[in-house]
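What follows is a set of notes on a single structure, which appears directly below.
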Amino acid sequence: MFTTALAQRDSAQTGALPDDLFEAIGTLKKELNAVLLAHYYQDPDLQDIADYIGDSLELSRKAANTDADVIVFVGVHFMAETAKILNPDKLVLLPDLEAGCSLADSCPPDAFAEFKAAHPNHLVVSYINCSAEIKAMSDIICTSSNAVKIVNQIPKEQPIIFAPDRNLGRYVAEQTGRDLVLWQGSCIVHETFSERKIVQLKIEHPEAEVIAHPECEPSVLRHASYIGSTTALLKYSQASSNQTFIVATEPGIIHQMQKQAPGKRFIPAPPESNCACNECPFMRLNTLEKLYLAMKNRQPEITLPEEIQVAALRPIQRMLEMSV
Ligand code: SF4
């Protein structure tokens with residue numbers, strides 16, 4: 001009885017779904033003059049229907065330069081927020097508002113404000129994987145593509161807080177030789193990879209090269225012959241003469257790796273337990289059906305208080321200026 005009532009309610013909210021969701025989304029895209037931006041960690045269907053796929057830096061650039069009226073962000077909440085900060089007058093849609101991020105959640109604004117106050121005179125460099133409130137408290141935003149480049153442009157005598165990812169922060173500190181004050185946040189996906197299983201895979205596939213995202217823990221990074229952002233890993237895997245790769249980041253990227261190099265073999269780095277914990281549970285909340293419904297209903301919409309939007313814009317603009 002209860003199940004029937006729920007089904008009737010859902011049906012009333014959604015209406016019947018079209019048989020061909022790809023075609024229906026294409027039609028809505030024209031009607032709305034919308035642009036579809038999708039992150040590499042999304043399901044293959046969502047990557048294939050997007051106008052642009054990329055990592056956080058590339059998608060921020062696309063969001064900053066679009067002349068579309070509506071931005072549909074097929075990614076997680078902080079990414080759609082970034083698009084809204086860059087385009088306060090545009091409608092920004094996220095197919096599922098629950099698509100959050102464990103890393104962003106590991107840096108609550110109140111606690112971070114106290115941390116910042118305890119380190120006066122420090123410049124705050126924040127990884128883009130944080131909430132709009134944290135961005136508003138930051139001096140410069142960075143992504144995994146440009147973090148080293150940005151920190152290298154800051155005068156040596158200037159002390160720096162790096163937030164929220166401790167693993168990326170540790171990697172940036174090593175690469176730049178800087179003594180960064182790290183906020184102790186992390187991503188549940190990138191901390192799940194098993195060093196033991198990666199070593200086992202290397203024994204089974206001695207020809208394979210390990211490539212890893214800097215959000216991984218040092219125990220995984222030390223086995224990688226190449227470390228970089230998702231885009232950098234994609235480019236490296238195409239350019240390398242190697243034919244087999246063990247990929248230590250969210251396995252959604254393997255769809256593009258395989259498309260661009262069909263002859264190569266990409267093995268996802270496994271988590272310690274026999275689960276799918278190497279897949280981002282937040283990214284996977286987005287589906288073609290939810291994308292269609294978001295465009296049809298023009299919601300869920302991302303909104304932000306004006307003072308947060310204004311304060312968060314400057315550090316994002318600084319990033320875009322410093323990473324050209
Ligand atoms: S993979 Fe990690 S950092 Fe990326 S969106 Fe998911 S939880 Fe956040």
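Easy rule for this one: first residue shown is 1, then count along the chain.
Note that Cβ sites are derived from N, Cα and C of the backbone, with glycine treated the same way.
Here TrEMBL flags His39, Ser56, Tyr127, Ile128, Asn129, Ser144, His213, Pro214, Glu215, Thr230 as iminosuccinate binding site. Here TrEMBL flags Cys101, Cys187, Cys280 as [4Fe-4S] cluster binding site.
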Handout entry: Check: same-chain CB within 8 A of [4Fe-4S] cluster site center, minus Cys101, Cys187, Cys280
Key = Val76, Ser102, Leu103, Ala104, Asn129, Ile188, Val189, His190, Glu250, Phe282, Met283
Exercise for the section: Give me the Cα-Cα distance between Cys187 ([4Fe-4S] cluster binding site) and Asn129 (iminosuccinate binding site), rounded to a whole Å. Expected result: 10
Practice task
Which residue among the binding-site residues His39, His213 has the fewest other Cβ atoms within 10 Å of its Cβ, if you could check?
Solution key: His39
Fill in the blank from the handout: For Cys101 ([4Fe-4S] cluster binding site), the same-chain residues 6+ apart in sequence with C-beta under 8 angstroms from its C-beta are Val76, His77, Phe78, Asn129, Cys187, Phe282
Practice task
From the binding-site residues listed here (His39, Tyr127, His213), select those whose CB sits under 6 A from an atom of ligand 1.
Solution key: none
Practice task
Could you list the residues of the same chain, at least six apart in sequence, whose Cβ is under 8 A from the Cβ of Tyr127 (iminosuccinate binding site)?
Solution key: Leu103, Ile141, Cys142, Thr143, Ser144, Ala147, Phe162, Ala163, Pro164, Asp165, Leu168
Exercise for the section: Show which residues of the chain containing Glu215 (iminosuccinate binding site), separated from it by at least 6 in sequence, have their CB under 8 Å from its CB. Expected result: Leu103, Ser144, Asp165, Asn167, Leu168, Ser186, Cys187, His190, Thr249
Handout entry: Secondary structure of Tyr127 (iminosuccinate binding site) (DSSP, helix/strand/coil)
Key = strand
Practice task
Looking only at C-alpha atoms, tell me how far His39 (iminosuccinate binding site) is from Cys280 ([4Fe-4S] cluster binding site), rounded to the nearest Å.
Solution key: 12
Problem - In the chain carrying Cys280 ([4Fe-4S] cluster binding site), residues 6 or more apart in sequence that have Cβ under 8 angstroms from it - result: Tyr41, Val76, Val189, Glu250, Gly252
Fill in the blank from the handout: Simplified to three states, DSSP reports His39 (iminosuccinate binding site) as strand
Practice task
Ten-angstrom check, please: count other Cβ atoms within 10 Å of the Cβ of Asn129 (iminosuccinate binding site), all chains counted.
Solution key: 27
Practice task
In three-state terms from DSSP, label Cys187 ([4Fe-4S] cluster binding site) for me.
Solution key: coil
